[in-house]
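*Asks:* Quick one: structure below, then a few questions.
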Amino acid sequence: MPLTVSCPICKTPVEWGPQSKFKPFCSERCKMIDLGDWASEKHAIPVKSEFDLDALDELGYDEDSFFKE
């Protein structure tokens, strides 16, 4: 029995196999909707900042002069 997953966009059952051209999506339409959601930043991968943003304030740089050459 083939594995069946739900389309992440419309929840239509999708058979997971070589015949499923757009897996895990049911169609190109759902695939493009998902791509648009990523492009418009409706989805994001959570990451932990490498540095403490509050610590940057303690450096004492003036924003008006920081980016000037």
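Each Cβ is built from the backbone N, Cα and C atoms, and glycine gets one as well.
The annotation Zn(2+) binding site is assigned in Swiss-Prot to CYS7, CYS10, CYS26, CYS30 on the grounds of sequence analysis.
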*Asks:* Give me the sequence-ordered set of same-chain residues, not including CYS7, CYS10, CYS26, CYS30, with a C-beta within 8 angstroms of the centroid of the Zn(2+) site's C-beta atoms.
*Replies:* PRO8, ILE9, LYS11, THR12, VAL14, PHE25, SER27, ARG29
*Asks:* For CYS7 (Zn(2+) binding site), just count the other CB atoms lying within 10 A of its CB, please.
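*Replies:* CYS7 (Zn(2+) binding site) is surrounded by 18 other Cβ atoms within 10 Å.
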*Asks:* Using the structure shown, find which entry in CYS10, CYS26, CYS30 (the binding-site residues) has the sparsest Cβ neighbourhood within 10 Å.
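*Replies:* Ranked by other Cβ atoms within 10 Å, the binding-site residues CYS10, CYS26, CYS30 bottom out at CYS10.
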